[in-house]
Structures are given as structure tokens and as C-alpha cells.
């Protein structure tokens, strides 16, 4: 049997083995290598309990016999191959299931609470244990997106966007558990599908079916903006006196030729937007101009940006998740495609604490946990939903969240190994 010379290394001090080459069978797979490392650790420490390990060669997870991986990566069998090993991530476990009255379109998790938006026209605030704390009513059509603005000792500001063409700025008094509509943000001429708050927590942007992006103040005030009503807007849906003071946008960004499906802030003065026109645009907020365009060949449904890896992830109707470097001179080149979903990818979210990991949801009813060092297959499929997955998110408390057209919000307990924590 052909042998390969390999040197094993790890960042995890307690699992380190001697830094010398070992001769191993070329056909070795994960289980074989894991057994070898455990035997070496047992020799060093008789009390060692077997651990499941994962292995990386040239920063890519081993998912096939070693020799096949080396051939795929163009690694010579004549040299000593460097193999990194990390403790295998355990599968996320479904923890809570929170029922809604209609589809769960959007989720925003924090350390303490979960905010959801639903097609039943309401938003809900949940405890991490799955208890409803507050139901927020006011929108006249389905809620499409929700997000937290800021939190202080007694209250939180939050936003909701709706098919009713408005965005609501709410104040939630956490001490008394009371909600107040502060501002009704008006100016879009179509469903508002995506909202995102900037790092200063003083501004937010929105993307709509009217093909426009708009930037708004997120700071509450006692002043009402003047808003000119368009004649084709149905008057029976106006309940502005109950919805807080009217607010109009600071600026409108025009450039997409189809609906804007997803928006985010990638820097203090930079916004990314994804559209049904097959393009992702990166905007300079100061000048209101497009800095660059990442062109696809199918509809983009969602984008997510990781400040840790400085990479953009996109999900499309062609079932693929693509990773981009928006700052590269060749920004339009896809770094990697994650291909496993069998339906439209509806939602992607980078982990807030692990630069290699992201989660995705799809019309195929599955939530998938990915590590970008394994582009060919997800780490895990989470198959809790009985219908389409519409939204995914993370909390800082180690939960993955997903909502779908089965009217359910699921939370999954997830603990990553220390070696995967991003800088």
C-alpha cells in the first residue's frame, strides 16, 4: 500500500503531538487520521479520552481519501504534507420552536432577545428560551424585515419594514414592556424588503421593490417631516396618526433596474445592495454613487458581509452561495461557490464570531451550516422545518436561528471549537 509522509499540527495546545513526519497510508480518511492522533495522544497521556477530529490540508477540510485530496489540490506525494487538525464541530441541536400565525419572514437575534417579522403583519420579541415577550402591531401588510437599532439600560429602538411600503421606528421600554411607534418612514413606492443599520446606530438604509435604496435617520425626534402623498396610494391604508411622526429619507440611491432584495453596510460610508437585476452594487454613501458592481447571471435574494473575513456572501435563485472579496481589484471574481441547496437560497448570514462560518436557508426546507474551508459540502444540514426556510440568523449567545413558511422559528444550540474563532 502506498505511503505518504505527513506532519500533523494544531493550534489547540492540549492536543499537540510531536512535530515529526509520520508515514501513513495514502488512502487514509478522516476516521483513520483521527484514530492515529488519538493513539499518539494516549501514548503521551494515559488519561486521554478519544476525541473526534477534522483535518485540513492547504486550508481545506479533508472530505475524501488523502491521496485524492492531494491530487485535487495539486500537492506532490514526494514531499511531507502538512496536515492541520481541529476538534470536530458537533452538530447544532434544535432547542426551541416558536410558533407564529403566518410565515416567519425575518429574524434579528441579540444576546438577550430574538426579534421576528411575519406575514401576519406583526413583529414579535421573544426570549432566548422561546417565550413571547411582546407582539407589535401596526403594519397593514406583511412584515418583510426587522432589525435592532440600539439598546440602553431601559429601552431599545427597533425597525420593521413591510409590504405596506413603510418602515416603522419603534421604542420598546424593556422595564415596563411597552412599545411606542416613534416614526413612520415613508417614501418608497413598493414593498420594503430589506433594512440595515449603520455602525454608528444613527442611520439606516432600506431596499425596495421600487428598485430604490434610501438612507434615513435612525435618531428619534419630536419633529415631523412633510410627506407628499401620491395619488395612486390607497388612502384606507393610512394610519399615520397611530404610527408615529412621519419621516422622509435623507437621500435616495438609484441604479438598480429591478427590485432591491437585500442591503447592508460594509463600512461606515459604504453600502452593498443586491437586486433581482442580477447585480450587487457597492455604494459610496458620501457621494451617492456606485463604486463597483459585482455581476451575476441570476437573481440575488440575499447578501451578508463578514467584518472578520471582509468577505461578502450572496444567495441566488440558482441554488448557489457565492463568496466575494468586494475590495479586490477583481471584485467581480467569485472566490468560492458553496453548492448543496436544491432550491432558491433565501437567506445567508456570516457568523458574528467565526470568520470561516456561515449559515444559509433555502426553499428546499433546509438550513445549512458551512465552513468556507469546505466549499464542496456543508458541515451540517439542519432539517427541522417542514416547509420553505425564509430567514436565518445568529445570536451572540451561540444560537443559530431560522424561520420559515411552516410558521415556525427554530433555535439551535451551537458551540464551535476554539480553534475556529476568528481574530
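Every residue, even glycine, has its Cβ placed from backbone N, Cα and C.
According to Swiss-Prot, the protein has these features:
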type   : residues : note
REGION : 4-87     : region 'Ubiquitin-like (UBL) domain'
REPEAT : 99-137   : repeat 'WD 1'
REPEAT : 138-180  : repeat 'WD 2'
REPEAT : 187-226  : repeat 'WD 3'
REPEAT : 255-293  : repeat 'WD 4'
REPEAT : 295-334  : repeat 'WD 5'
REPEAT : 340-380  : repeat 'WD 6'
REPEAT : 384-422  : repeat 'WD 7'
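Remark: the repeat 'WD 7' (384-422) makes no contact with the repeat 'WD 3' (187-226), by the rule of 3 or more CB pairs under 8 A. Long-range contacts of the repeat 'WD 3' (187-226) within its own chain (CB-CB distance under 8 A, at least 6 residues past either end) are made by residues 141, 144-150, 157, 159, 161-163, 165-167, 169, 171, 245-254, 256-265, 268, 271, 273-275, 283, 285. With DSSP states grouped into helix (H, G, I), strand (E, B) and coil, the repeat 'WD 2' (138-180) comes out at 0 helix, 28 strand, 15 coil. Beyond the ends of the repeat 'WD 6' (340-380), by six or more residues, the same chain brings 56, 59-61, 63, 89, 91-92, 301-306, 308-309, 311, 313-317, 319-321, 323, 386-394, 396, 400, 402, 404, 410, 412, 414, 416, 420-423 to within a C-beta distance below 8 angstroms of the stretch. Sorting the repeat 'WD 3' (187-226) by DSSP state (H, G, I as helix; E, B as strand; all else coil) yields 0 helix, 18 strand, 22 coil. Across the repeat 'WD 1' (99-137), DSSP classifies residues as 0 helix, 23 strand, 16 coil. With DSSP classes pooled into helix, strand and coil, the tally for the repeat 'WD 5' (295-334) is 0 helix, 20 strand, 20 coil. Mean model confidence of the repeat 'WD 4' (255-293) amounts to 97 (pLDDT, 0 to 100 scale).
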